[in-house]
Amino acid sequence: MAKIKAILVSATPWGLILIWVFFPSRCISDGNSWEALFLFLSLAVEIQTGQKKQYKMGVSDNSSGPVASPIALGEAIAWCVIFSLEAAVAITSNVATIAIFLTNKRIRVQTSILLVNLAVADLLVAIVPIPGWVYFFGVQANLWPDSTHLASQIAYSGLDIGGAFASVTNHGCIAIERLIATLLPFKYRSSKRMISTQLIIMVWFFAVCIPVVTLVGFHVLDSSMVAFFVWMPFLTLLLLVIAVSYSILLGRMKWLARNLRGHEETELRNNRFTVTVLIVTIVSLLAWLPFMIMSAIDLVAQTISHNVRLVSMVKLLHFFNSTCSIFIYWFRIPNFKAAAYSLVFRRHGMEQPERHRASFQSRNSNSCRGRATTSF
């Protein structure tokens, strides 16, 4: 009696066709017959649908490497172009952010050096993980040959995981710094450099330790659950710290608005900056968390990584985390826009537009009167 076997074959770039094959059991007594059957059915589907070629992509090690999942050549090229553009935007925006903060002392004083550290972490993601994702995408689609080896793949995974955790950990440290600056303003003013240094060290400590433990789990212990039991408790604690910190800060701001009519300029700037970094944190987490949820599910079930379109869309959103900050700074941080214009026009020997120069000079003169009492 014939046995019923099911084989999943990709017939179009946008869907899967389930082909039920009735094949006599006497013809599949050895493994070679199975392979021949699969090739025959794949060829039949390609001829029937006019599909010339299909490719396989996905993620491995729950970072940014590929595994098997069908995708067409044209779609692979489109994804490579999209991710390349995202990398270009991320590199440009973070280099610009770092340059603006480092060349404008007043903005550094009124905000936080942790924003520069965040831009460095996002720049790391833009330089290595995003181009690496494009490279592996192209390799699996046969757009170019694979010239990597195990050591380079491990190094890439470490930088990918480390950059991601550096970024999200930095948001937690910014929340802690804002809490200290608001609740203990005198202590913060006298020890701002030491507090910022300790928080930056904490960011990069976890950015190194978490990838090391993860890669040891994958490549030495041959277990993906090590990553699960490291990532999930850490992220849960981090989200708890962020939620509690900003809940306290927003509660205090609401109380001040209700009970105190005349706020000092310093207090108003402090509140505005707190809201600014809260917006940056929320946008970043909205972009970052879907990938971590997908990774957590895949660490346990190992099924999501085979859906290349889902993985690609989630990774696109994930990498957007490294591009969004500068646009928020542009509208929320006083003098950031004027400093950007000043940097660009001064570098190219051009005259800055009058309205931006006037705004910049006016705010500079106002800041001189209140700099001694600033809480940033």
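Yeah, the Cβs are placed from backbone N, Cα and C, and that goes for glycine too.
TrEMBL: automatically predicted annotations, no manual curation.
Here's what TrEMBL has on this protein:
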| type | residues | note |
| --- | --- | --- |
| COMPBIAS | 359-376 | compositional bias 'Polar residues' |
| DOMAIN | 93-329 | domain 'G-protein coupled receptors family 1 profile' |
| REGION | 355-376 | region 'Disordered' |
| TRANSMEM | 76-102 | transmembrane segment |
| TRANSMEM | 114-134 | transmembrane segment |
| TRANSMEM | 154-176 | transmembrane segment |
| TRANSMEM | 197-220 | transmembrane segment |
| TRANSMEM | 226-251 | transmembrane segment |
| TRANSMEM | 272-293 | transmembrane segment |
| TRANSMEM | 313-331 | transmembrane segment |
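Long-range neighbours of the transmembrane segment (197-220) within the same chain, counting only residues 6 or more positions beyond its ends whose Cβ lies under 8 Å from a Cβ of the stretch, are 61, 113-114, 117, 121, 154, 157-159, 161-163, 165-166, 169-170, 173, 176-177, 226-227, 230-231, 234.
Among the listed stretches 154-176, 272-293, 313-331, the one sharing the most Cβ pairs under 8 Å with the transmembrane segment (76-102) is 313-331. Away from its own ends, the transmembrane segment (154-176) comes close to residues 61, 63-65, 112, 114-115, 117-118, 121-122, 124-125, 128-129, 132, 148, 199-200, 202-204, 206-208, 210-212, 214-215, 218-219, 234-235, 238, 241-242, 245-246, 277, 280-281, 284-285, 288, 318, 321-322 of its chain (Cβ-Cβ under 8 Å, at least six residues beyond either end).
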